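The repeat 'TPR' annotation in TrEMBL covers 14-47, 324-357, 364-397. What TrEMBL records for 508-623, 731-847, 867-986 is domain 'PLAT'. According to TrEMBL, the feature region 'Disordered' maps to 624-729, 977-1016. Summarising the annotation, TrEMBL assigns compositional bias 'Polar residues' to 644-667. Residues annotated as compositional bias 'Basic and acidic residues' in TrEMBL: 668-712, 977-998, 1007-1016.
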Amino acid sequence: MSVSSEAKGPLKSFQALMGEGEKFSRDKLYTKAIQCYTEALDLLPQDEEKATEKDTNDRLNGLVARSACYLKIGKNDLALQDAEQSLKTNKEFTKGLYQKAEALYAMGEFELALMFYHRGKKLRSDLREFQLGINKAQEAIDNSVGDPNRVKLEASGDLSIFYKNDEKKKQPMGYVRASQKKEAVIQRKQHTPVSNPKTTKQLLGDLYEDRAFLEKIINNTVVTKPNTKTGDAIYQLASDGLDYLDSRTDFWRQQEPLYARSRFIKKLEGDEESYKHIRHELEAIDDQQNKDQFVDARRRAHRLLDFCDRLDERKFNEKQSVLADVYSRLGNAYLELGDYNKSLEYHNRDLKIADIKQFPERSSRALDNMGRVYARSGQFPQAIQVWEKKIPLATSSLEKAWLFHEIGQCHFGLGDFERSKRYGERSFTEAVAVNDAVWQLNAKVLVSHSQTKLRQYREAEQTFDEALTLAKDQNDVAAERAIERALKEVRDQIAKGAADSPPDRTEINYEIKVKSNDHIMYGDDQSTIKLIIYGDNGNSGPIDFRSDENDTKKYDGQSMTLKKKAFDAGKITKIALTCNNIESWPLDSIEVSDNKRKTKLKFLLAQPIDSTTTVVDLYPEGSIVQTSSDSSGKDDKKNKGQGTLASRQSPQTMKRTEQGPSSTRTNESNKKPTKTDEQKSKTTKTDEQKSKTTKLDEQKTPKKDDTTDKSKSTQRTSSATEPSSDSHKNIEYTITVQTGSVQFAGTDAHVFISLYGDKNKIVRYQLKTSVNNRNLFEKGQKDDFVLEDIDIGHLKTITIEHDGTGVAAGWYLDFVQVKYKNNTVMFPVERWLDVDHDDKRISLELEPNKKPTSKLTTEDTKEENAVEYEITVRTADKRSAGTDANVFLSLFGDKDKLERRQLKESLDQARNLFEQGATNRFQIYAADVGQIKTIRIEHDGRGLGSGWYLDSIEVRHVSRDENYKFPVDRWLDEGEGDKRISLDLEPDKKPGQLRDDNNTEQEEENREQQKVETDE
């Protein structure tokens, strides 16, 4: 029986077999995929003369697909054979050219691979895959210097002929411009020898011999003769190689993988087979993560975790260290998969073990990773708190350069430009110490942008000039262009006189409520304390706590409410207290009301105020981070599932409640415990906990959330929701999806549904497990799904969509039916969701009992009732950020809506749209939608490089001069994060990541839950 027969019964059509192969390939079952592709190819006519054009195209696609699978299992010769077979019919078949180049590259034939990459790029210059192939093949050729054990480079014999040739080349011939006479001088830096060769050798492994070889070359002044072209070139190559290996050594030393430590590699008594297995699995997990195979890495890490949990710690004394390493890898995998809560949970476990075992390098690793999770999810206050704890643990200047830069970026995102400038300067100092040009450039750019925000335009002009020089030295063309644009804007501001005039800022009224537990203890008569409010528009300037600033009496620190007029800081992100010689102040919280925006935020201290405090930040309630090293170890089980979020108390309040409410219990706790006392202490501890809870309730401090498995599921499916009072009550939804009966109606794509009610919403739930069918969404088939989740109230609309993956992704949908709480709501569809049919949409917004209309993309027409919209789309300036897919925009206002207008002709007539770092502007004429509430940006996933990292979108209503800004800063990619290629955006609100794997297998969840309980 064929593979396809095992999965789906006897299927004999080419498209069906290709679809099965595609499914197996996605699931990493490459051998089964190859069988399907082979069966599909066997169905085609073998005689080329009898084959139709469609048969020929099918054969080419089948050969290329099979070739890609052969590459995945290491059968490079068969992959090359299929690729060459596809090129026999059509020598300009670009997929075949690309696959042949990939096969040659895998076989180590880098020069031949480079040739075919170039050939493919000449035919399809718009596909970035060929350019990436050229880059990696060229790099491989440059790095192919041979084995140093077989090549002995000695400075023996007469080498003067090389230097004489160099001297001859230096002599100018004919007329030479003055600018050409200037010789570039190679600055040679000193490379310090390794401090601990034994450790370095264990970390580098086989690369240690390469490092020793490069070090010998650098120290050989004959081979690397200064001020000669040959000598300087050899020195520069060897120096770059040493820098790379040293940076890798620092990285691996910090990560300290278990299999790189000497105490792990050596043979130990006891369970030697377990050590070998763990070492092999850790290496395999690292390899999968390096290849971006994060789902596979996560599964493998969970299996290894189950294996380690069964080990006897008395025989296997490295058990906790192994668990920490696995936790770290699981945290990284969940981060890349977009599950930030899980990622924080595992990194916090890693930190807990590191603190207990007193491993500072591992603590540094865990704090580093936790900061990345917070920064990636846009939680800048939490990222700052975690990374500031890492600063004392940072050992190398390179690590500090990165760390200071990232902290500065977070402060910049919060509007604290003075602090971001200072951290940028610290980052630059550390980067200079290690002569790292990349981080010097990054630091300079951060400083210059901060200076611009602070209106220090002349200083910013000088800093941008220095950054531009660094970018040119690194041949970073994209950075050069960005800096030149910023420099032009700064010079325009100087020309307008903005550098010599105060900012034109409006003042607004703030209401400030201070909740304090005692008086301020001032150090002397000169002591002062001021409040600064930060937002997306800068800061408010210092605010005095005295109601009358002319009053000589100082603020005593008691609870109070005052109204102050200050500069408009915009949407508030944090507040800060500047302290001058303050001994202590047991502050509980500060609440700030913005009367202009009708917002109210409560802020808590990130650290206590004492005599060493000069500036202390207060962050919004709920964003104070308490890592495992900060906690007292009490009530760990109760706090399980909270990741690294602290309780909603300030440090002062936490200290006060931990002391107990009465002196009687304090005296009891000082007794020497007997067996009877130990039994009593359990009751005392319970009473203390009740008293604490009562006191916290009196202080109106919200309780911690008890996270259960169901609440985790709720977070995955409705993380962007603000729940109503009864949203914690889960109800059951039965979703019925009827696929049409027309030819090729079924789909192999992943299907998602979103439910929108009058109370809440469930966003992008994947329809993955049907209660009545194994193979989903087949022609004429009805699939039922059961979902238990939050109560969204009365169902208003739904969104049904698929991700366009698979050979046969097009889908003819008949209807969707949703049953809940004795209600049945029908959503008729009767149309294609296909990029090749009708209006090419693969996402539909449906209303009950209303069939959707086709929204065909039409050219802009300037009718009498049409208004002009100007659309600005900014693609991020990061590697592979651009897209070749078709991009569509929808506008939803309070009057009307404009659906799925393709952005295809920019105002600057750019040939290639949405390229890396590009800003494209479009003009749209359409009916006035009124005040824009949301927009939808999406692409159709077409092209080899369809993944898109979108920075932001701006929509301008030209006649009313209204601007709507939509920050994005994330991937729209089926292979990144939550795999979405369609986003609904609100003005001035960055979208978050959503989980796609909300149907995770129950067995894996149960194992994780049991493991957590065991650890606690």
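Quick reminder: no glycine exception, Cβ is built from N, Cα and C everywhere.
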What are the DSSP helix/strand/coil residue counts across the domain 'PLAT' (508-623)?
0 helix, 65 strand, 51 coil
Over the domain 'PLAT' (731-847), what is the model's average pLDDT?
88
Secondary structure tally of the repeat 'TPR' (364-397) (DSSP, helix then strand then coil):
28 helix, 0 strand, 6 coil
Let's see if you can do this one: DSSP helix, strand and coil counts over the domain 'PLAT' (731-847), in that order.
0 helix, 65 strand, 52 coil
